[in-house]
Amino acid sequence: MCRGIGYNLTAMPNELNHDNQEEAGLEVHQFWPLVEIKCSPDLKFFLCSMYTPICLPEYTKPLPACRSVCERARAGCAPLMQQYGFSWPERMACERLPTHGDPENLCMEQDNHTSSTGYGSGNGGAASSAPLPAAPPRPTRPSKTTQPPRCKPGKNQKNCQHPPGERARDCACRCRAPLVPLGAGGTVIPGPISGSSTGNIGNGAGLAGMAVSGVIPAPPISIARSIIQDIAGVPNCALPCHGAFLTPEEREFAAVWLALWSGLCAASTLVTVTTFLIDTQRFKYPERPIVFLSACYFAVSVGYLSRSVFGHEEIACDGLALKSRAQGPEACVAVFLMIYFFGMASSVWWVILAFTWFLAAGLKWGNEAIASYSQYFHLAAWLAPAVQTFSAYLAGGVAGDPVAGVCTVAPEGVRSFILVPLFVYLLLGTSFLLAGFVSLFRIRSVIKRQPGAKADKLEKLMIRIGVFSVLYTLPAGVVLACHMYETTLRNEWLGSLACPCRPRARPLYSVLMLKYFMALAVGITSGVWIWSGKTVDSWKRLWRRLFSGGSAGGGHGGGGAGMVAGVTGVSGGIGSTSIKGVVGRVGVPYPPAPGPGSALLPPGSVASASQHHLHHHVLKQPPLSHV
């Protein structure tokens, strides 16, 4: 915007406490519609002098625009801003600028300016912009005395001078860019929306009817005040839709990052769930909760992928502002249900998985005994997250995520609805795992003491359980730590946005990206448990059934894979024999009653029937203990 303004060197930080041109450009961009309609020929020069101040090698002090430049810009544009409920920004108050000809404070004045202060009417008429000087503006009068430099907000306050009343005005917290201020009735004057359409200025005056080549301002958007939260104590202020702390490059990378890991999570969990549907009998307790855990992560990944389908603005935004306290049947609430409800359900299934492992390893329960309580597992796994989700929704805790472009728990509810439940679930699951490992080590020591006994299968089982435990507890712990980091420092970050005198603070970008990766990592690694030859056999049988028309054949390979083979059939003590009598012998079915007048058995079949009966009875016995 400031190209061709008359100088090509600028000094940072500027008077508005921007450290680089990117920060200054993000804030000055909100005035672009006013510059385009030329409400004042001095506005562009004045804005550039504020956001990109001139830098003269032979003059080291700040050289702002003169008060007369500011007053002409304000006289032309302030009436238009008032039509939309805005006042002239306090930080751009003309009274704080030096006057033309002041010997103590130098300033810049445009050589040729017009006195017109009108702004665009229905046909877009406005005073034409005055030609800018070809050479950099010169000080109006040489300084006679050396004055201390003016103090800059947020910088070192030593050896600097505060004009009367300036310190209090500069340090006051206010809704400044990139925050979204709200005017009367909650109306926001939107910024330009990228586009290729062109058009003429409409019949309406001001911004509402303006359209220029490549820039199409959206109509004013009304946001209910009841859903807007105060920012650092500043009322009528909202967070921007696309994140206040991220650069455009960081936002683009975040979109690719989330799409990548969400897609991998969806693919991995879909394979796990499909394998379970192909060969249901293979997945017995205590490993069956892994399937339901994978199904939950599949729903979570679909929730994150919805941003790629519907768009960031459609889900997480309310105009220019970030959506807050969302309610009703809308995309934001639907995505919130998928991410939060199924995310919490996956944590409960993790606790159930650890609990069933403890029953099998510590209390010597068999898979049939554990499966008899499956209805209670489902009740706990779906009811507890439902209560949490319903409570968060009623508390108005559904808000947009400016980084991920989805809706989740509002920052104010993270402590109650995310930190506390995740900590409780992680603590319970880890406790059951440790108790189960203690029992497995005891069984291993017993097997080692018996002559000729081998504990290879049990050791492999312990390694697999340990690896899967780390693959869950590590990501869950990292996600918990990232939420604590954001909750603890959030007010400090927001305060640095609204209050110019507070030190600059922003979240670590790497921590934000780590949180989203770890939130999906468990779903990606859930397929580790089914990586075996039996999975390949299951898919081969499905292929033959679908395309070869032949019999699946091969059976199920003698029961469950992985955990089931180890826990219920490898070593007694965890096996299916000494399970407190729950897994008993399977009774032999009686033969059908003979019809009237028929012989009870055909001749010569007594011996064979007796032998068959005995053989059938022996086959139905549970395996003997190897301990």
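Cβ from N, Cα, C; glycine included.
Curation does not apply to TrEMBL; its annotations are automatic.
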According to TrEMBL, the disulfide-paired cysteine of C70 among C39, C48, C55, C94: C94
Spatial neighbours of the transmembrane segment (513-531) far in sequence, C-beta under 8 Å, 6+ residues away: 253-254, 257-258, 261-262, 264-266, 268-269, 271-272, 275, 287, 290, 293-294, 297-298, 300-301, 304, 343, 346, 403-404, 464, 467-468, 471-472, 475-476, 478-479, 482-483, 486, 561-563
Count of other CB atoms lying within 10 Å of the CB belonging to C66 (disulfide bond): 25
Mean of pLDDT values spanning the domain 'FZ' (1-110): 84
DSSP-derived helix, strand and coil totals, residue by residue, for the domain 'FZ' (1-110): 49 helix, 6 strand, 55 coil
Fewest other Cβ within 10 angstroms of its own Cβ, chosen from the disulfide-bonded residues C2, C39, C48, C70, C107: C2
Position of peak Cβ density within 10 Å, selected from the disulfide-bonded residues C77, C94: C77
Close approaches to the transmembrane segment (416-441) from elsewhere in its chain (Cβ under 8 angstroms; 6 or more beyond its ends): 340, 344, 347-348, 350-351, 353-355, 357-358, 360-362, 388, 391-392, 395, 397, 409, 458, 461-462, 465-466, 469, 472-473, 476-477, 479-480, 483-484, 487, 574
Feature contact check the transmembrane segment (333-363) with the transmembrane segment (461-481), CB under 8 Å, 3 or more pairs: yes
